[in-house]
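Enquirer: Heads up, here are the entries from TrEMBL:
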- 7-185: domain 'Formyl transferase N-terminal' (DOMAIN)
- Gly16, Ser17, Asn18: N(1)-(5-phospho-beta-D-ribosyl)glycinamide binding site (BINDING)
- Arg69, Met94, Arg95, Leu96, Leu97, Asn111: (6R)-10-formyltetrahydrofolate binding site (BINDING)
- His113: active site, proton donor (ACT_SITE)
- Asp149: site 'Raises pKa of active site His' (SITE)
Amino acid sequence: MADATPRLAVLASGRGSNLQAILDAIDDGRLHAQVAGVFGDKPRAFALERARAAGIPARALRPGDFAGRDEFDAALFAEVASVRPDLIVCAGYMRLLGAAALAPWAGRIINIHPSLLPDFKGLDTHARALAAGVPEHGASVHFVTADLDGGPVIAQARVPVLDGDDADALAARVLDTEHPLLVATLQLLCAARIVLRDEVVELDGRPLAAPLQLASNRLPA
Ligand code: GRF
């Protein structure tokens, strides 16, 4: 992936602030990549508007128009494949992906999840972190497998949980750290420094003993 400009396809269901962070990083030269297409399951998602405003093809399919999840996934991934991505980035894509759709993309599809995985897989992570009383929370970027939020973790960013936090305050603090985390992880992936080999994340050819801790937009030396 390191030679030609890496092509990204982004999957998004909502407001698309992580997509915007990617677009901004490409624009100002921090990320050597291009977003070849943005795809989703919600035709009115603001993420699609952000893509179109940047001149990027954007398309949402409606799950209700398909017989089931596998049929929907197959149609969506046919759209994704049509832009010939090197890497698929799930950035706030809120539907489960089935094993059949994922199989051809193993090691080439990542997701950003708002918790320190393996803690708090699934939804409502911020409220659940508060209810559990953890002192620290954060976000993780991981390779996607059919195991929901269970694929190998590449990198994490941590934030403190503060007295008086509610779920919205904590979500905002995590989101601020998601954007640099996602960009920094993409820098490593697009430079082919991170790869998934036999379900193990490797950095520069060596297995990662633990997820990278990317507190700021600083790459490992
Ligand atoms: C982020 O918190 C992401 O981690 C989660 O969904 C949210 C999407 O935010 N998967 P945005 O659409 O990128 O603004």
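A Cβ is built for glycine as well, from the same backbone N, Cα and C atoms used for every other residue.
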Enquirer: Far apart in sequence but close in space: which same-chain residues, 6 or more away, have a Cβ under 8 Å from Leu96 ((6R)-10-formyltetrahydrofolate binding site)?
Expert: Arg69, Leu148
Enquirer: Listed recorded positions: Gly16, Ser17, Asn18, Arg95, Asn111, Asp149. Which have a CB under 6 angstroms from an atom of ligand 1?
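Expert: The ones that qualify, in sequence order, are Gly16, Ser17, Asn18.
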Enquirer: Rounded to the nearest Å, what's the C-alpha distance separating Asn18 (N(1)-(5-phospho-beta-D-ribosyl)glycinamide binding site) and Asn111 ((6R)-10-formyltetrahydrofolate binding site)? Just drop the number here, would you?
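Expert: Here the two Cα atoms are 11 Å apart.
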Enquirer: Reported as an integer number of Å, what is the Cα distance between His113 (active site, proton donor) and Asp149 (site 'Raises pKa of active site His')?
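Expert: A Cα-Cα distance of 7 Å.
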Enquirer: Nearest of the recorded positions to Leu97 ((6R)-10-formyltetrahydrofolate binding site) by CA-CA distance, picking from Gly16, Ser17, Asp149?
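Expert: Minimum Cα distance from Leu97 ((6R)-10-formyltetrahydrofolate binding site) across Gly16, Ser17, Asp149 lands on Asp149.
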Enquirer: Distance check, please: Cα of Ser17 (N(1)-(5-phospho-beta-D-ribosyl)glycinamide binding site) against Cα of Asp149 (site 'Raises pKa of active site His'), rounded to an integer number of angstrom.
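Expert: Computed Cα spacing between Ser17 (N(1)-(5-phospho-beta-D-ribosyl)glycinamide binding site) and Asp149 (site 'Raises pKa of active site His') is 20 Å.
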Enquirer: Including all protein chains shown, what's the count of other C-beta atoms within 10 A of the C-beta of Asn111 ((6R)-10-formyltetrahydrofolate binding site)?
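Expert: The answer is 23.
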Enquirer: Rank the binding-site residues Met94, Leu97 by the number of other Cβ atoms within 10 Å of each Cβ, and give the residue at the low end.
Expert: Met94
Enquirer: Taking the center of the Cβ atoms of Gly16, Ser17, Asn18 at the recorded N(1)-(5-phospho-beta-D-ribosyl)glycinamide site, which other residues in this chain have a Cβ no more than 8 Å from that point?
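Expert: So the extra residues in range turn out to be Ala12, Gly14, Arg15, Leu19, Gln20, Ala21, Ala47, Arg50, Ala91, Gly92, His179.
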Enquirer: Across all chains shown, how many C-beta atoms besides its own are within 10 angstroms of the C-beta of His113 (active site, proton donor)?
Expert: 24
